[in-house]
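Visitor: Taken from TrEMBL, the feature transmembrane segment applies to 20-36, 91-115, 127-153, 165-188, 200-220, 227-246, 252-272. TrEMBL lists 268-369 with the feature domain 'FAD-binding FR-type'.
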Amino acid sequence: MDMSNMSMDSTPDNVNTPYGAAFCGVLAGFIALLTLRRTTLAAIRSFNKRSYYRKLGKEEQITNKPKNSIYHKLENLIINKFSWTPYLGSYTLLPPLGGILIACALVSTIVPLLLLNVDLKLNSDRAGFISLAMIPFIFATTGKSSALVLLTGISHVQLNYMHRLLGTAIMATTTVHMSYMLTAWWPFPSFYRSQVATPKVHYGLVAYSSLCFIFFFSLYPIRRYCYGLFVSTHFLFLVFIIAAGHHTPYGMRYIATGIILYIINVLAGWFVNTYLTRARVHILEGECTRLVINSDMKHEAGQHVYICIPKISPFEWHPFTITSASKDTDCVELHAKVAGNYTRHLNSFQDGDEITLFVAGPYGSGSSNLGSHESSIIIAGGSGITFAIRHLKELADLSLEPSMSTTQSVTFAWCVRQPEHLSWFEDDIADCLQSFKESGVSVSVDLYISRPDPDQTCQSKLAYDNRVQYHVGQRVIPRQLIRDAAHNESAGIGIYVCGPSSLNSCAANAVACFSSLNKANIDFRREAFEY
């Protein structure tokens with residue numbers, strides 16, 4: 001029966017409707033659990049803070065007091081263990097263990113609902129209803145200012161993993177729906193031809209084809225090397241929702257919900273955190289560009305912004321980590337190493353040029369507890385220095401205010417390919433070393449040059465500081481640094497890592513290995529600069 005002209009108010013009950021609703025209920029319950037966790041922890045922190053103030057009877061105290069509660073240590077232990085990531089050489093093979101478990105949980109939710117009390121050869125619509133139920137959550141996990149970020153406290157980067165996971169799942173269930181349907185019709189040629197000729201099936205095939213295009217052009221190699229193509233093909237979602245809405249009237253309630261959530265996310269992104277401003281361009285050695293943006297935004301270490309430069313492309317937005325410290329209230333600094341067409345165009349501006357750009361952010365969960373650990377380890381690889389240098393600056397500033405920091409030692413490691421790359425943040429590192437010297441914090445800086453030019457000598461003001469060690473022709477090994485800190489420290493350790501996937505995975509696996517309730521509490525954060 002062709003029901004494409006029926007409205008969602010007139011759709012009769014369907015035997016598959018409860019299974020789609022059950023899927024929505026499971027995901028909504030998971031979101032509610034994360035929201036409850038965030039709300040409860042926020043209330044506990046607020047209560048403990050007020051109690052701590054009353055107990056001291058004064059406002060000047062160590063505000064970055066180490067969090068050594070059993071719950072905090074247990075949660076950190078679980079997160080650290082689940083951060084273990086399988087990798088081979090320079091390639092990450094799979095998501096972290098936590099991501100794998102989330103994928104398994106999604107599969108274990110879908111498969112029973114797909115197979116319970118049904119023969120898919122006779123009722124392939126079951127797979128179709130589960131596919132429809134995913135649509136609102138796929139739309140809800142899009143955008144940088146998603147309502148889910150506000151509710152759960154999860155960053156949009158982590159939500160993007162859920163978006164890709166649900167995208168893969170809907171691709172699988174729609175394939176099951178279509179293949180079982182066509183297979184059931186195939187033995188009856190005349191019936192097959194009559195069904196394929198109906199508008200309902202035409203719309204279904206159009207929806208499936210557009211979904212296939214979106215899925216294929218969202219695979220990692222295309223996202224990584226043809227980002228513009230990835231973004232362009234995503235606009236086929238308009239074709240998908242229109243065709244799916246005409247394919248079945250049961251889809252309208254899910255599609256309408258998804259569209260509303262998407263519109264909220266888009267409006268929030270444009271009108272809450274986006275503005276037009278000016279920036280000055282500075283061209284550095286080693287194909288690096290520094291942008292100094294006129295902005296008084298408040299931000300934390302580890303956060304990033306998205307920028308759109310109309311002179312380069314009015315439609316492309318790219319993320320860059322904020323490298324200026326929070327004390328710089330009148331400007332925001334970004335650094336961009338040439339790694340693609342967009343950053344190459346950015347590097348082609350003349351030194352000192354002023355440009356107009358859109359800025360959206362800041363985004364990401366900042367390292368708000370920076371300075372609350374006795375020992376901090378910061379590891380960077382290549383362009384990952386933009387994440388690392390901000391943490392080093394913040395620790396240096398906090399160390400000058402004893403009431404704001406408990407840090408006693410800092411280990412900083414940065415691996416680059418060529419010596420000239422060190423010049424990007426040479427002055428910043430020197431300033432941080434001076435601040436640590438004044439505050440009495442023990443600090444060691446290890447600079448690794450993996451591919452040195454034998455005809456080039458390293459001339460740096462840092463070379464005369466005995467706290468700085470150069471390692472030529474070597475790469476940083478996170479496991480050694482983390483192992484030594486975990487065995488030697490009895491109090492908290494903060495570990496901050498950003499670099500290629502292999503460096504991040506190596507650090508995550510070391511943290512997973514050395515984390516224990518009986519050892520120092522490890523707060524671990526890694527950031528990837530690969531999309």
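Using N, Cα and C of the backbone, Cβ positions are placed for all residues, glycine too.
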Visitor: Six or more residues out from either end of the transmembrane segment (20-36), which same-chain residues have a Cβ under 8 Å from its Cβ atoms?
Guide: 109-110, 113, 129-130, 132-134, 136-137, 148, 151-154, 254
Visitor: If I take every residue in the domain 'FAD-binding FR-type' (268-369) and average their pLDDT values, what number comes out?
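Guide: The predicted confidence over the domain 'FAD-binding FR-type' (268-369), as a mean pLDDT, is 88.
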Visitor: Any residues 6+ beyond the ends of the transmembrane segment (165-188) with a Cβ under 8 Å from its own?
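Guide: 102-103, 106-107, 110, 114, 120-122, 124-125, 127-128, 130-131, 134-135, 137-138, 141, 195-196, 204-205, 207-208, 211-212, 214-215, 218.
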